[in-house]
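Structure, as structure tokens:
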Amino acid sequence: MSSPTERIVRPGFESLAPRTSEEFAKRWKESPERQSLLRQIDQYANEHPFDGADLDRFAQSRKTEKSKNQRHKSPYTLSYWGQIRLCMWREFQRLKNDPSVTIVMLINNFFEALIISSIFYNLSGNTSSFFSRGAILFMMVLLNAFSSMLEILSLYAKRTIVEKHNRYALYHPSAEAISSMIMDMPYKLVNSILMNITLYFMANLRREPGPFFFNYLISFMMVMSMSMFFRLFASLTKTIQQALAPSSIILMALVLYTGFAIPVNYMRGWASWIRHLNPVAYGFEAIMVNEFHGRTFPCASFVPSGVGYENISQDERICSVVGSVPGSDLVDGTTFVKSTYGYENSHRWRNFGIILALTIFLALCQLIATELVASERSKGEVLVFRRGSSQKARTKQCQHDEERTQAPIIQNEKHSEGLDSTIGVEKQTSIFHWENVCYDVKIKSETRRILDHVDGWIKPGTLTALMVSYLYRNISDYVRLTSNSQGSSGAGKTTLLDVLANRTTVGVVGGDMLVDGRPRDSSFQRKTGYVQQQDLHLHTSTVREALEFSALLRQPPQYTREEKLDYVEKVLDLLNMRDYADAIVGIPGEGLNVEQRKRLTIGVELAARPKLLLFLDEPTSGLDSQTSWSICNLMETLTKNGQAILCTIHQPSAMLFQRFDRLLLLAKGGKTVYFGEIGRESRVLMDYFTRNGGPALPPGSNPAEHMLEVIGAAPGAKSEIDWSAVWRNSPEYQNVRHELTNLRALANQPSPVADTNDRSSYAEFAAPFTTQFVQVGLRVFQQYWRTPAYIYSKVLLTIGCSLFIGFSFFKADNTAQGLQNQMFGVFVFLFVVIQLIIQIIPSFVTQRTLYEARERQSKTYSWQAFVLTNILVELAWNSIMAIFCFLVWFYPVGLFHNAEYTDTLHYRSTLAFLFIWVTFLFASSLAHMLIAGIESEEIASSLSNILAIMMYAFCGILAGPDALPGFWIFMYRVNPFTYLVSGLLSTSLGEAPMHCAEKEFLSFSTPANLTCGEYMQDYISSNGGYLLNSAAQGGEDCHFCATGNTTQFLQNVNIDFSTRWRDFGLMWVYVMFNIFAAISLYWLCRVPKGKKRK
């Protein structure tokens, strides 16, 4: 009644019927019905006053329902503790029903600890293990601290549900947060025990009860403090994009300012405050002091030593590590950690208290944030247009008042869209028919028949309904196998639709499915349109762009580009979508509304100019009556334009049911109950059931519901008649068989679809690969450009992190510690790789979901085009990021100064950029390789963490090949980071002088009758280094620096300056391998290899 295009006016009332919304409102206000309603409202208000006895009874009832300890004015029924217990029970049930993620994370973290500890297996008890002990404790701190990083994802996964329950006054968000903390505690305890025992004892750390338990206590507190940090960050932000990108920079800050990569004395003043807020820094200091305090370590290497120095006195030599004393064979651990890191033993328990206080503070802040900060709400179904769109103003006006224009009143009984039925869309002429179609699926050990000898046909200009009257007993198994998410309403109907459309990927299909009497060929899928129940579209495209993409890739090649795009305009007119043709699709709940999305889904299939027919899977499911009616009008318009439509429906109203021409009804087991005309007012259909023993249709009843009651498929209904057997013995069935025989004879007649000499007509895809690659690539580029949050996140992850690292190591000097800082500047810079991988994986999954759910099934473009374009676009964007990352990292650290000594600044700066560029390409290609064959992005991210840890651990920075156990040497050789670190360090640091800081000189007594230079001459010639005071006489201190230039420093970490171009070439080999592996894995794991037929 309220729709001007569907309103039917009784003859004689044409001039009296209201037309606009204002006229309808005025008539209602003047009507006697409104006056009657107002009297009823007044009567009810008098009988039940607002502050009367009814309110007292309600208040008393509400008080009785509430917990005893709940406040009187609280909207919550349960007490706060009761809410926590309820949420704990739900969390336990969730973990019990799906423990897979928890188990995978435990196994993942255990293997990470096992890998790291195996690198530092059974460390020696002398000074040669000092750096290794610091490295293993540093890795222990990071593994414990960041084992809870994925809690950001888990909190966002349930955040909208928690907020919805809070709006329903079920529980406080903070109560759910407390329950989550408590229920996660067992996992954290088990996880920390597995990791820390493995790391501690395999690495041969201090094997004393007190130090071990203190180490575990600090490690567990770091797990808890960082868990609270990640939870707080998730609670303070509104979207997951807002949480992930800044958290990466914060994690980088926590790593850098732990005290290992940058010692405390070398931290820049502008950022040293980070250490005071960093729980990881307090934890690292505590366990370092715990490991070294009160211990003495035998010296492993003296200066000088070797040939000619066998008989020198103890005062004439010194241990080669910081903190050693001339004349002593032992090095005090307390002195070492104080001299190297500035750590004090008195800080141990102080640091524990600080970590505990930070944990409590972060937990309280998170509880407050859950109550105050809500996630980003939907903006509503408001159309959003591209900038400069000419349709914008016109559509906004249309949205302001849909009935402002004087729409004509429809006075005929034909329901239409008000469009000319000869608007010019492609008319279909071929007939699709099938005989004895069967479909068997193996569920566990049982083979179940889903379809049993189904017959039928679809002719141009007809609208055929497909209904089922049964449910599967084990529908969950079947849904999982057939990827059908519609539950009982769509199980059988969608199955037949998928079988007829050649979209099934499991099971065995039997029977004949023919087009004009000829078997379907490989081009059948692209010659049909399949409108899925889910309206799957790329949210960044406009309506017109979505239609044009389908037209350019799916229309037959004999049409020119101009003709394809002109056809899109006809589809826009046919579907009444021109007013919002330039509107962005958006995500469900924002952008296009439900009806507009459904029209777009249909339009995408029509734009392909299907030659055979349209399949529609429950187009009215989930829609209100008005929208359902509009969609039915659209389907009727399409049939008038010569389209053949097979449409599944579920519980249609009597009016909607009457819109269909024919019906195919299936019973339990996939057997046919009826196939034929419905007839005016369903008389033909009802006559069939009445004639075969069914009751007559009661007046005013819904024929569809009555039909289900007759055959015993409605709730509570039973039937003693085997209606599938009745159908097999009916004259209607014989007529169907006779018609199918006649349709088979069409094989002897010309067919506009099958009879063609154009070989491209039989191709699997309408467009050549080059066109597919260009169009898909442009769309992916467009999607990235129209997703600024993704680009901003990428900029923050790459440029932001690089800038932070660059200024953290700002103007590092060429002292021994300065060179080590520069080395760690390169090492930490590679952390950007894992950040990129974690960002790329979800983006690829979004694209893949759309492609596999709709575009692959409709043969829009090939899987090769999909994989290659996604890889290429990421490579392009990451190449741009590499330029800026190079500028904000390489120059602030001061690495360019090393090239000035050899007058190769431009050459080495260019090579350094090339290494950074190939680093970003490697990260991008590796991300696609990891996710290409894996369904879950969580599992792919978990694998990326393991792989990243292995690449970082075996690259030669933390432990060189000489220190690795024999069975890990191969990892050092095959690790891409080995060559990346080698090339980048040799290019950045090689062939430059260095000097020792004052505290880095080794001082010992000069022998009598010799100068310092004469005494150290042989040692320096074989081991390198230089003297500060070579002229010192016997009895005076001789000051020696162990490293004289950066080449010697690089040799100490097994890096050769001459292999930098080899390393660069090997990185390109890894990039190409990743791309090839991504393509291969996608084909192996994701591309259907065909299905069985019988």
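From the backbone N, Cα and C atoms, a Cβ is placed for every residue, glycine too.
Feature annotation from TrEMBL assigns domain 'ABC transporter' to 432-693. What TrEMBL lists as transmembrane segment is 100-123, 135-157, 212-232, 244-266, 349-369, 789-810, 822-845, 866-891, 911-934, 946-970, 1067-1085.
The transmembrane segment (911-934) and the transmembrane segment (822-845) are in contact, since at least 3 Cβ pairs between them lie under 8 Å (pairs 6 or more apart in sequence). For the transmembrane segment (135-157), the neighbouring stretch richest in Cβ pairs under 8 Å, chosen from 212-232, 244-266, 789-810, 866-891, is 212-232.
Sequence-distant residue pairs (6 or more apart) of the transmembrane segment (100-123) and the transmembrane segment (946-970) include at least 3 whose Cβ atoms are under 8 Å, placing the two stretches in contact. Here the domain 'ABC transporter' (432-693) has a mean pLDDT of 83 out of 100. Using a cut-off of 8 Å between Cβ atoms, the transmembrane segment (822-845) and the transmembrane segment (946-970) share at least three residue pairs, counting only pairs 6 or more apart in sequence.
Long-range contacts of the transmembrane segment (866-891) within the same chain, counting only residues at least 6 positions beyond its ends with a Cβ under 8 Å from a Cβ of the stretch, are 773, 776-777, 780-781, 784, 791, 794-795, 798-799, 802-803, 805-806, 825, 829, 832, 836, 840, 843-844, 847-848, 851, 855-856, 909, 912-913, 916-917, 919-921, 923-925, 927-928, 932, 988, 1075, 1078-1079, 1082. Count of Cβ pairs under 8 Å against the transmembrane segment (244-266): among 212-232, 349-369, 789-810, 946-970, 1067-1085, the largest is for 789-810. Within the chain carrying the transmembrane segment (946-970), a Cβ under 8 angstroms from the stretch's Cβ atoms is held by residues 108, 111-112, 115-116, 118-121, 132, 135, 139, 823-824, 827, 830-831, 833-834, 837, 926, 930, 976-978, 980-982, 1053-1055, all 6 or more beyond its ends.
Using a Cβ-Cβ cut-off under 8 Å and counting only residues 6 or more beyond its ends in the same chain, the transmembrane segment (212-232) has close neighbours at 140-141, 144-149, 151-152, 155, 177, 181, 184, 188-189, 191-193, 195-196, 200, 205-206, 247, 279-280, 283, 286-287, 290-291, 348, 351-352, 355-356, 358-359, 362-363, 365-366, 369. Within its own chain, the transmembrane segment (349-369) has Cβ neighbours under 8 Å at 174, 177-178, 181, 217-218, 221-222, 224-225, 228-229, 231-232, 235-236, 277, 279, 282-283, 285-286, counting only residues six or more beyond its boundaries.
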